[in-house]
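Asker: Have a look at this one before I ask anything.
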Amino acid sequence: MQADILDGKQKRVNLNSKRLVNCNQVDVNQLVPIKYKWAWEHYLNGCANNWLPTEISMGKDIELWKSNVLSEDERRVILLNLGFFSTAESLVGNNIVLAIFKHVTNPEARQYLLRQAFEEAVHTHTFLYICESLGLDEKEIFNAYNERASIKAKDDFQMEITGKVLDPNFRTDSVEGLQEFIKNLVGYYIIMEGIFFYSGFVMILSFHRQNKMVGIGEQYQYILRDETIHLNFGVDLINGIKEENPEIWTTELQQEIIEMIQRAVDLEIDYARDCLPRGILGLRASMFIDYVQHIADRRLERIGLKPIYHTKNPFPWMSETIDLNKEKNFFETRVTEYQHAASLTW
């Protein structure tokens, strides 16, 4: 053997030794062999959706916002929607970087988490771009989670879920610790991204369906496509951890998760009532009661729990929008051509 060749073959990763959490014996820096193909597929799908908000024209939105066409109630919906999303994406990004990434010990899952964290940064950039374009008070929008009770209540709820996992002494190598980690994943993937965000998408995309605020609507369609992948990854991660650690999925944990989701539904309904005190064309607060309960049931089912509300979807067009997003070529609507690495100059 040549002197400069090390005998390190025994450190090559065995596929069957990989686990999603609590796997210190496997080198997390070695991506291959890939065991969790779903994680890699989510990463590839995310990379196929590269975009920046500045690639989308806001000209028509600016013109409409400065006109008298939008009612005060319509403006209220848009402003409170931006007030929630502007910091919510940062909360999700911080939880990925500071809480989830540390405790996920699988490289292909981590690869997607890095991609997701970047996307959360792009989403936060999006809300700044919208505020700047419309000439809104950026400080008021980005501080809404401290000034608006319905928004603060949702974000405080999310921060409660993060607290224990952010503790430097937190560990996942006990049943109780891993159960706490699962609750964190449910809080952010199922509740924040799977319930709170989807309710917010309905509000803005309903304007887009009426050919109003089309630039914002285009950006929200991008975000919706990202968030659909985020939700799918989160569901797969939760179910994967459950499968590898069946002892954690106790009746008590299941009941805790159901109660978390019930609380989230109540918070989202309060927020919808704040956004829509009188209702606007195509949207009423009462419709959001049904919608939030409907999607909560769908999220419960995806992690192996029974539905509890049994309400119908008052916005069937949202399902169509999600399906269309899988096929639509957003690149055709961009105002600037996407710069590939080969075209960059130094």
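Even glycines carry a Cβ here, placed using N, Cα and C.
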Asker: Please pick, from GLU74, GLU108, GLU120, GLU320, the residue that Swiss-Prot records in the Fe cation 2 site together with GLU193, GLU227, HIS230.
Answerer: GLU120
Asker: Out of GLU89, GLU138, GLU140, GLU147, which one does Swiss-Prot list together with GLU120, HIS123 for Fe cation 1?
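Answerer: Checking GLU89, GLU138, GLU140, GLU147 against Swiss-Prot: the Fe cation 1 site match is GLU89.
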Asker: Return the count of C-beta atoms lying within 10 angstroms of the C-beta of HIS123 (Fe cation 1 binding site), excluding that atom itself.
Answerer: 24
Asker: Starting from the Cβ centroid of GLU89, GLU120, HIS123, which together make up the recorded Fe cation 1 site, report each further residue of the same chain whose Cβ lies within 8 Å of that point, ordered by sequence.
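Answerer: My list of surrounding residues reads ALA88, SER90, VAL92, GLY93, GLU119, ALA121, VAL122, THR124, THR126, ILE223.
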Asker: Within 10 Å of GLU89 (Fe cation 1 binding site), Cα to Cα, which of the recorded positions TYR129, GLU193, HIS230 are there?
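Answerer: Of everything listed, what lies within 10 Å of GLU89 (Fe cation 1 binding site) (Cα to Cα) is GLU193.
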Asker: At the level of the C-alpha atoms, what whole-angstrom distance separates TYR129 (active site) and HIS123 (Fe cation 1 binding site)?
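Answerer: That separation, Cα to Cα, works out to 10 Å.
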Asker: Measure the Cβ-based neighbour count of TYR129 (active site), defined as the other Cβ atoms within 10 Å of its Cβ.
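Answerer: TYR129 (active site) is surrounded by 18 other Cβ atoms within 10 Å.
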Asker: Of the binding-site residues listed here (GLU193, GLU227, HIS230), which is spatially closest to HIS123 (Fe cation 1 binding site) when Cα positions are compared?
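Answerer: Spatially nearest to HIS123 (Fe cation 1 binding site) by Cα position is GLU227.
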Asker: Looking only at C-alpha atoms, tell me how far HIS230 (Fe cation 2 binding site) is from GLU120 (Fe cation 1 binding site), rounded to the nearest Å.
Answerer: 10
